[in-house]
Amino acid sequence: GTPQKYDPTFKGPIYDRGCTDIVCCVLLVVAIVGYVVVGVVARWCCWSSSAPPRRYRPAPLRGGVRAGHGVGLGGSRTVPYSPLLRPPHPQICVSKCPDRYLTFLTAHGAPGELGYYRNFCVPAFDPRKAPIEVLKDKECPAMLIPSTPLARRCFPAIQAKKGVIMVGNETTYDDGRGRRRNVTELLEGAKKANVVLETRQLAMKIFEDYTVSWYWIIIGLVIAMVASLIFIVLLRFLAGIMVWVMIVMVILVLGYGIFHCYMEYAKLKGEAGSDVSLADLGFQTDLRVYLHLRQTWLAFLIILCVVELVIVLLLIFLRKRILIAIALIKEASRAVGHVMSSLLFPLCTFFLLCLCIAYWASTAVFLSTSNEAVYKVFNESACPFSGQTCRPETFNTSNVTKLCPDAQCLFAFYGGETAYHKYLIVLQFFNVFMFFWLANFIIALGQVTLAGAFASYYWAFKKPDDMPAFPLFSAFGRALRYHTGSLAFGSLVLAIVQVIRVTLEYLDHRLKAAENKFAKFLLSCLKCCFWCLEKFIKFLNRNAYIMIAIYGTNFCTSARNAFFLLMRNIIRVAVLDKVTDFLFFLGKLLIVGSVGILAFFFFTQRIKLVQDTAPPLNYYWVPILTVIVGSYLIAHGFFSVYGMCVDTLFLCFLEDLERNDGSAEKPYFMSPDLRKLLKKTN
């Protein structure tokens, strides 16, 4: 702790520490070892059962696109459908989807057509058999419908031309009984397939936009990174001016947005179709349609006006407190200036999080696909063996085929009877829990490392002479050496709450169709409570990690001290800390807004100097949204370092005020500027 008498050789409380929460450290190590074992076992089980299940009787699969007899629908992989989901017809793999209307009765009477029809029959098809026998044995489909491949499956090629529903450029088809039917009768059965086709078309257009604009997106993200870095560097030297410039720029950017929306709204006055309401238009995949409506620009105009008004009112009421926040930002600027490597440290945290996410995702996939294929007996007539497990390798020579000639040994589901398969759901739950624990641990490690580096700056009596040579690496080493257990403890508590929240979300999803209103109400209350609890624990953990970095105490002691320290200074917390957070938010808004406007004018070819350079796009909002989201993430990464610095210095500042009085025995460690602002002297 802080000494009773000032010692010139004293380097601050951050150096006096020992190992904390050792039990949690051991528990984390054991959990990680178990997590690795689960991942290895899941991969081994998946690879050992990776042989694709086969389908026996009436025909083995052939390579190509899967088509179902009679409707042109089915699967595409060598893995057969579950009988609960597949159409009630045999399914085979074909090299190409059917491209014409054709019935088997028509093809059987025309040798030329029969050769084409055989491509959609089972290999054991005998053209010498009577048509009724072929259809009875389900060796060939009763009819073919023009289809289109999607994910290597054949779907009816339904399309609309000038409001007329067509399949394969035809509006009617022969039902095989000499009658012509309207293709709209197929629409209801293929409605979901048509939605999938539209989604696929939208996804392909978005992918095309990314292929022609990816390098411009990268340039936009680089501009956002450079702008964030320049802003922070300027903030180090001109904090006060930059804060006020930032506030004015945000107001101007929003003002221009209001002006632009008004001009677009006025320009559309009197144009045909511009007065259609959003409710009447409905959802459109081409978002450019909405920009031709006056109501869209009016909504944008109202939103921007409300945001502008709120920001102006906040600035008026907090104008005096902004000066205090500027002092904290200046002090944080000096601290970051002496620990410039801290600006790149979020990349380390991001890399570790990517590894954690990749391991969790791969383990989840291997656990989900490591089941064994289970086959069961299916038949259309009465059979005593129906529903029993069977083996495809020996099914054709078993007694089942003799007693039940129409029985088939079909793939039913993935599962198994081993202990591993019985506890598979437990392993999946453990995988999710470990993901949250490790992700929170990585974030906690980043926070305590930054807090330790900035605390070493504050508690250096002679800044920066008393600081360690490499404060960031020193703080990282202290965190791993002494406080791995405390970080594991804090992240474990947060992970438990997050897993409970995920479980509640899952239950809410399953109970959506339920009619029990009390259960829904209770579930909603629980979700709200645990959401608030998660937010509170995150806030408490963040400040507890700062106290751990400062004093080296265990997690519970640090959390208690941080909480009561903040409660004793609740007004300062509400004003100084939150005003600073608000100013950082404005900085992010300025960077994201500027880069977003630049991207909007570039990709919509409104900048004459580079009008011919912009790539042709299906949806120009795709690269614009990507640049905006990427710019926000980049700005958030840079400003998160500053935010952690301000929070750390704020807690150090409060500790300094409570423990010291400026006397020779208890001098203040704060900088001269802060002492001058608070009228304190040593």
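Note that the numbers count up from 1, one per residue, in the order the chain is shown.
Using N, Cα and C of the backbone, Cβ positions are placed for all residues, glycine too.
Curation plays no part in TrEMBL annotations; they are all automatic predictions.
Source: prediction; values computed, not measured.
What TrEMBL lists as transmembrane segment is 21-44 (among others).
Positions annotated as transmembrane segment by TrEMBL: 214-234 (among others).
As annotated by TrEMBL, transmembrane segment applies to 241-259 (among others). Here the transmembrane segment (241-259) has long-range neighbours at 231, 234-235, 300-301, 304-305, 307-308, 311-312, 315, 322, 325-326, 329, 583, 586-587, 589-590, 593-594, 597, meaning same-chain residues at least 6 beyond its ends whose C-beta is under 8 angstroms from one of its own.
Annotated transmembrane segment per TrEMBL: 297-318 (among others), in sequence order. Long-range contacts of the transmembrane segment (297-318) within the same chain, counting only residues at least 6 positions beyond its ends with a Cβ under 8 Å from a Cβ of the stretch, are 247, 250-251, 254-255, 257-258, 261-262, 264-265, 268, 278, 291, 575, 579, 582, 586.
If you look at the transmembrane segment (339-361), the same-chain residues 6 or more away from its ends with a CB under 8 A from one of its CBs are 39, 229, 232, 431-432, 434-435, 438-439, 442-443, 445-446, 449-450, 453-454, 457, 471-472, 637-638, 640-641, 645. The feature transmembrane segment is assigned by TrEMBL to 339-361 (among others).
The annotation transmembrane segment is assigned in TrEMBL to 434-459 (among others).
Annotated transmembrane segment per TrEMBL: 480-500 (among others), in sequence order.
Annotation source TrEMBL lists transmembrane segment at 544-567 (among others). Sequence-distant contacts of the transmembrane segment (544-567) (same chain, at least 6 residues past either end, Cβ-Cβ under 8 Å): 1, 13-14, 16-18, 20-21, 24, 444, 447-449, 451-452, 455, 459, 475, 478-479, 482-483, 485-487, 489-490, 573, 647-648, 651-652, 654-655, 658.
Positions annotated as transmembrane segment by TrEMBL: 579-603 (among others). Proximity of distant same-chain residues to the transmembrane segment (579-603), defined by a Cβ-Cβ separation under 8 Å and at least 6 residues beyond the stretch ends, is recorded for 213, 216, 220, 223-224, 227-228, 231, 243, 246-247, 249-250, 253-254, 256-257, 311, 314, 318, 321-322, 324-325, 328-329, 610, 614-615, 617, 620, 623-624, 627-628, 631-632, 635-636, 639, 642-643, 646.
The feature transmembrane segment is assigned by TrEMBL to 619-639 (among others).
With respect to Cβ pairs under 8 Å, the transmembrane segment (214-234) is most closely packed against 619-639, considering the stretches 21-44, 434-459, 480-500, 619-639. Most Cβ pairs under 8 Å to the transmembrane segment (21-44), among the stretches 434-459, 480-500, 619-639, belong to 480-500.
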